[in-house]
Amino acid sequence: MELGNDTEVLEFILLGLSEVEELQPLFLGLFLAMYLVTFIGNLLIILATITSSHLHTPMYFFLANFSFVDICFTSTTIPKMLLNIQTHNKTITYQGCLTQMYFFILFAELDIFFLCIMAYDRFVAICHPLHYTVIMNPRLCVLLLLLSWILSVLDSLLRGLLVLRLSFCTNLEIPHFFCEINQVIQLACSDNLLNIIEMYFATVVMGIIPLTGIVFSYSRIVSSIRRITSARGKYKAFSTCGSHLSVVSLFYSTGLGVYFSSSTTQNSRESAISSVIYTTVTPMLNPFIYSLRNKDIRGALKGLVGIVT
């Protein structure tokens, strides 16, 4: 917090969701509970997928990876937030802030890619059921997984390197509960035009293009389902993708809205509160959405509980 234009940045200050001291114990208990539910719920999905042989399919392979990424996604922000509340210390080091930004972008983009891949998986399963095992073969699944990781790692690394070129002045207060890259860029007193251009370009490539793929997949799915004559067949087809569609809607409606708004406004306390939805609530709800609407997952979880007990 120390500084002039040319001195080294040592710390940023995370203002959090509220500066009202009386609310801090409430936030501590609430976010600790949500983090534990997120961690345990997604871990159970992973263990159920590993231990149940009938879940060793492309759909559940990507669901297990999606759950792993959700655990990592929330772990980049919530533990630091809880530590700051507990210790009454709102600071985060410059290196810690860059590290948090890097991993937050990495896992957020992996979430987006996995949502797109899972939509494609449902498209193949419903629109081309006879060729499903041929198209979604293990080699393609691993290739899609590796491609998602490579693209996410490269983009998060590029954005981190672009932040390194910025210099910061004396105002190092971030009106957020984590180092959100848009807010950090706004604190720079050097030219940040290149960062802003890259930010919007990355949003199109990493956000809008996968969303277009999801919309296309579901448009074809709906078209195929409409040609199914039996009501039972239509219900079965919809039930296989209803959970995924719910997660996509929740993630994108909050994530993209917060992402665009926070880059154009200086008063981002409202966007910080809204970002709780896609950074914390959505990963917490995902295991419930997939387990409650999927009898295979429910059966695997019951079997897993039986093994433990």
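For all residues, glycine too, the Cβ spot is worked out from N, Cα and C.
Remember, TrEMBL labels are computer predictions, not curated facts.
Annotation source TrEMBL lists domain 'G-protein coupled receptors family 1 profile' at 41-290.
The feature transmembrane segment is assigned by TrEMBL to 26-48 (among others).
Annotated transmembrane segment per TrEMBL: 60-82 (among others), in sequence order. Same-chain residues lying 6+ beyond the ends of the transmembrane segment (60-82) with a Cβ under 8 Å from its Cβ atoms: 14, 16, 28, 31-32, 34-35, 38-39, 42-43, 45-46, 49-50, 92, 96, 100, 103-104, 107-108, 110-111, 114-115, 117-118, 121, 141, 145, 177-178, 279-280, 283-284, 286-287, 290, 296-297.
Per TrEMBL, transmembrane segment is recorded for 102-120 (among others). Residues 59, 62-63, 65-66, 69-70, 72-73, 76-77, 144, 147-149, 151-153, 155-157, 159-160, 178-181, 206-207, 210-211, 213-214, 217-218, 241, 244, 247-248, 251, 255 of the same chain sit 6 or more residues outside the transmembrane segment (102-120) yet have a Cβ under 8 Å from a Cβ within it.
Residues or ranges marked as transmembrane segment by TrEMBL: 140-158 (among others).
Taken from TrEMBL, the feature transmembrane segment covers 199-218 (among others).
Look at TrEMBL and you will find 238-260 (among others) tagged as transmembrane segment.
Look at TrEMBL and you will find 272-292 (among others) tagged as transmembrane segment. Long-range Cβ contacts of the transmembrane segment (272-292) within its own chain (Cβ-Cβ under 8 Å, at least 6 residues beyond either end) map to 16-17, 31, 34-35, 37-38, 41-42, 44-45, 63, 66-67, 70-71, 73-74, 77-78, 175-178, 180, 243, 246-247, 250-251, 254-255, 257-258, 262, 298, 301.
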